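*Asks:* Checked Swiss-Prot, it gives:
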| type | residues | note |
| --- | --- | --- |
| BINDING | Cys220, Cys296, Cys303, Cys306 | Zn(2+) binding site |
| REGION | 615-725 | region 'Disordered' |
| COMPBIAS | 621-631 | compositional bias 'Acidic residues' |
| COMPBIAS | 639-651 | compositional bias 'Acidic residues' |
| COMPBIAS | 707-725 | compositional bias 'Acidic residues' |
Amino acid sequence: MAERANLVFHNKEIDGTGMKRLISRLIDHFGMGYTSHILDQLKTLGFHQATTTSISLGIEDLLTIPSKGWLVQDAEQQSFLLEKHYYYGAIHAVEKLRQSVEIWYATSEYLKQEMNSNFRITDPSNPVYLMSFSGARGNASQVHQLVGMRGLMADPQGQMIDLPIQSNLREGLSLTEYIISCYGARKGVVDTAVRTADAGYLTRRLVEVVQHIIVRRRDCGTIRGISVSPQNGMTEKLFVQTLIGRVLADDIYIGSRCIAARNQDIGIGLVNRFITAFRAQPFLAQPIYIRTPFTCRSTSWICQLCYGRSPTHSDLVELGEAVGIIAGQSIGEPGTQLTLRTFHTGGVFTGGTADLVRSPSNGKIQFTENLVHPTRTRHGQPAFLCYIDLHVTIQSQDILYSVNIPSKSLILVQNDQYVKSEQVIAEIRAGTPTLHFKERVQKHIYSESDGEMHWSTDVYHAPEYQYGNLRRLPKTSHLWILSVSRCRSSIASFSLHKDQDQMNTYGKKDREIFDYSTLVRIMPNGHWNLIYPSIFKENSDLLAKKRRNRFVIPLQYHQEQEKELISCLGISIEIPFMGVLHRNTIFAYFDDPRYRKDKKGSGIVKFRYRTLEEEYRTREEDSEDEYETLEEEYRTREDEYEYETLEDEYGSPENEYGNPENEYRTLEKDSEDEYGSPESKYGTLEEDSEDDYGSPGESSEDKYGTLEEDLEEESEDEYESPEEDSIFKKEGLIEHRGTKEFSLKYQKEVDRFFFILQELHILPRSSSLKVLDNSIIGVDTQLTKNTRSRLGGLVRVKRKKSHTELKIFSGDIHFPEEADKVLGGCLIPPERQKKDSKESKKSKNWVYVQRKKIIKSKEKYFVSIRPAVAYEMDEGRNLATLFPQDLLQEEDNLQLRLVNFISHENSKLTQRIYHTNSQFVRTCLVVNWEQEKKEKAGASLVEVRANDLIRDFLRIELIKCTISYTRKRYDRTSAGPIPHNRLDHTNLNSFYSKAKIESLSQHQEAIGTLLNRNKEYQSLMILSASNCSQIGLFKNPKHPNTIKELNRRIPIREIFGPLGVIVPSISNFSSSYYLLTHNKILLKKYLFLDNLKQTFQVLQGLKYSLIDENKRISNFDSNIMLDPFLLNCHFVHHDSWEETSAIIHLGQLICENVCLFKSHIKKSGQIFIINMDSFVIRAAKPYLATTGATVNGHYGEILYKGDRLVTFIYEKSRSSDITQGLPKVEQIFEARSIDSLSPNLERRIEDWNERIPRILGIPWGFLIGAELTIAQSRISLVNKIQKVYRSQGVQIHNRHIEIIIRQVTSKVRVSEDGMSNVFSPGELIGLLRAERAGRALDESIYYRAILLGITRASLNTQSFISEASFQETARVLAKAALRGRIDWLKGLKENVVLGGIIPVGTGFQKFVHRSPQDKNLYFEIQKQNLFASEMRDFLFLHTELVSSDSDITNNFYETLEPPFTPIYTS
């Protein structure tokens, strides 16, 4: 009884770790047998209690946490603030994602802690609580998802979804939450399935490598060891784990007293003595050397002492134990059980999450300010850092609370601040951050609204995308999207589009656009003028397209004023990009309505051209040769080319009309083989001008569509890709490179051309045809279910791989009596119809005769007789009939010529689109001048205002040289910053460059075309630079005082330089090289709505200024419509202006909430109008972008909602859950290179191999080099693998991993340097075998260390039977047979395969005879020590040589004491 009274009575709950401790103490105290008896009683007790308690589980037992409501509210408020900061442009997208994930993760974790205390206080016998927290079933995180909140989920890529699931499973999820939840859950299910297979295969490979490793001897006699010391940043726990169960490699002294001898195994008692010794004298304690499998000298087995204690009991491992297989299974097995942390997968946390300290109640907080230092949190918010533990008091109404805050925490509140209950007052940094594998991730940011892009810093052009639109930001700055309202209409009297912009006015299908013709133009005298109501007629689809290097401006003509002219000419003027015209450039064209195709549809155009010298043949010469020549001229080239459209005839019209941009999909090809260059003969403009593209005028007034055509080889191969030609496709529109110039040399004249109707349908393979091949049909016959023929005639069907072609040839067929006499492919005029033909009726039209062959009977020919429409070319059209003649006075040196072009190539099929007309002939105006004059002309648009009328002129003038307004362009190839990505200062808007003004006055002669805005003037007129007076932004001799007066009236403006002028009533002539202005902020000179007149006085007339990118001020018409509601007026009072030192200037970008003039700016934006008492801000959205981010797009480019703006590259920590963890372990074992092995191990080994022999400079160099290399890589590999497992909380003893790593690194490759008689170069041999062979032969063998993966190691063992049973059986056996290999059956697997006794087990010793090697042990040790001392002297002399790789040389001295001392780190 007395004994029992002295026993300690423990009265507390016991959990898993407590149970572990109890069992290990029982084993130490009583041994294995008795312990198992005690544990049996425990088990019985447990089952008895569980049965009597009879725990049941109901949904009522899931208690929700009361504090959840305000916690979630708190987190939502933080998220809202975050969103707001993002909106202001204070943080960037990646930062927002990180913080939001952190906020919700912290909330979720705090809820989890609350849950534990909640259960403990309210219902300690709750079955859910009992089950999960006793470790019986379930864990805290599962219960947390049931009663707390589900928290953050990861998507399948492992990226965090920043919308948290706030509900728990007890409350039920909303639809969105359910979908997000499925993401994470599905990932979990897939991972579980995948990891089982992965882990199983990993185990198999590991066991394969080490199955032959057995404990065969007591001691191998090594004197080497690995040093372990707690000073090297190793935690105490890790230190204990590493030491227990090992054997000492050297005696250990404290002072002069030896406390442990060599070859003694280390138990818990010894470890505790070490730790106390280290604590007492941390600096004097020497590292402890232990034996490991690495240091064992045996090749294919291991000795007792190098292995240490058995994992099962506290004694040395027994001889005959198969430790290799145990090791393989110990590593592979946890892989199947590693916990899956689904909700942590986002891995956005770089450290552990911080613990938050919350205020216990409302009250005033106080702490000693001297103990804290101001700093910032990792999110940039101000905070205080306390270096020592801080005592904080909170004074509520009647109670004084005190809170202790540990050192190195951040205080998030001010002293004497009033805090609310549960407010976060401090943040405790988590301990050592867990291991995270970093990876670089790209995040794309997309624009949230339409707008124009600006940035507030210089950018680099990324050199690899020299001509692309990607830029790199050299420093953190804002990108701005300036608001633009969605309407892209052609309200402007003529449209000048920026590069690549598309303008639509919507056709009848688009009803959502209201009628813009109600918008009126503000005229100075106040009368209203409707702009182009004609655009809004039904069924007008207009698409103006700015091509790569020219502008298109339609000239509108009004019918009632043009009786003597051709009605409804749509003249389109094209101005090249830089405004420079070369000789013989076409700068305007229009379409003559007489050469328009009628609505009959598609067909073939035929003509013959004659050179200018050729004499015109009259039609009366009806000789037989005439027919011969005709036949040759007009022979169809059917074998070479036919036509087919990309138009899907069977598509629904909805698709076509839905989006006007898709309607015109034309693919042309210049058949260069036939015609040389596109400009060679008769200069077809078809390739270049894309017909109706880009001539808005003709489309809106003359309703006809484009020609669609495509070449198709008749031969079986598919049509060629358009890449071969110089046409390229962009955004559904075709552009063509090259300028439209042609030379007179090749020009042919055409006297007449013919149009022969023909129809082509491209049908899908699947469609069933209602007509037969070679049959004759009438008009409007049904061809397929929803296609009808437009022509009557002969049907030809041809089936291709992807589609079916159906051609209809108009006309009748005729069977001649004698097949030979029929001529194929000739045209017959109306007078000479064949009398003997069976056609009795006489035709007034020309007839085209085509010879066909019926496929079925080879002899029978027939002739297809097809009507042809003849068009005569009109030679008489000239400038006089085009324009009123009296206004045109041609100068000597600039001429305009009129040229007609046929828009189609000879014998080509042209396809009709829907119910539209198409044009055959296009008339062009060509500008030309004498050869010896200057080589270039400049074109510009001029606006002249006089007497309330606005007139626009196209001015063409000769230019001396381009230097006057283009400086040297920036060199695009250099990667230096381009200032604001601008082209260059002077060439953007040369109206403001002095040089250009001089060049204007030098050339008085110029042709100007009037682009009429007012019905009174439609004409071409001459305008010379001297006729106009410029009043504007530079001092003019005629009005020297203009600007000064204005500046006197508005004193503020002097700060900002000239901000535009209010125009005197006489005239304002401003010639702006529109073509050169690349980026400008633009404003409509329209009054938007009547009732806004008062508010937006500022928008009226010309009382405002606009700026372009280069801070130049200008007044322009534009295509960007600014919505008045996007503009905010800020009134600036003089007094407030003087008080605040804020200086604003045009174009300044201001973030929301910036304090200017005593009031906050309510919206972010750009100042772009400054008045006397106010300024106008154009709404804009800032996006913060960090250094190195890539910007997509150009400065001033218009982006639409959803376009990609910026790409961030940021590092995120890879989550170390199983999906990333197991593969990492596997990669290391397989010796594949992975990013997070900081320097690649393979490379590190190479370096060592090269360096060490050079440093040591002795014949043993290779041996030492290889050994040091192998030692170094082994240590680093073990650490890497342990990190992955420890991060998952899995404990694996180091020696299991060491046994496997030893096999992976035990081979060296014989190098070619020294040819040895024993091994062939490139052969893999064991390191020890190489050493022994070297000693035996007395010559050095050259080899280098290599790292084999576990698979390769399994295929490089000494037993070919083991290899063959693993992989590649046939290959391994064949090789072994050819080489005559012998298998000594040393391992387990070989014996199992052959059915022998396996050489393991405790009876093993009887088979083993003592080897004579043991007797020589002492002598060897002596020799080793001799070598060690020599090495030490050598290294002492050359310390600085070795210090290049610090990792190892720190310990180099000890390395050779007991030779190996690399260090384990946690």
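Cβ coordinates are placed from backbone N, Cα and C, and glycine is handled just like the others.
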*Asks:* Which of the three DSSP states, helix, strand or coil, fits Cys303 (Zn(2+) binding site)?
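*Replies:* SS state of Cys303 (Zn(2+) binding site) = strand.
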*Asks:* Per 10 Å Cβ neighbour count, which of the binding-site residues Cys220, Cys296, Cys303, Cys306 ranks highest?
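*Replies:* Answer by Cβ density within 10 Å: Cys306.
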*Asks:* Note the Cβ centroid of Cys220, Cys296, Cys303, Cys306, the recorded Zn(2+) site, then list each other residue of that chain whose Cβ lies within 8 Å of it, in sequence.
*Replies:* Arg217, Asp219, Thr222, Arg291, Pro293, Thr295, Arg297, Ser298, Ile302, Gln304, Leu305, Tyr307
*Asks:* Where does Cys220 (Zn(2+) binding site) sit by DSSP, helix, strand or coil?
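*Replies:* It is coil.
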*Asks:* Tell me the coarse DSSP state (helix, strand, coil) of Cys296 (Zn(2+) binding site).
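*Replies:* Looking at the DSSP assignment, Cys296 (Zn(2+) binding site) belongs to neither helix nor strand, so coil.
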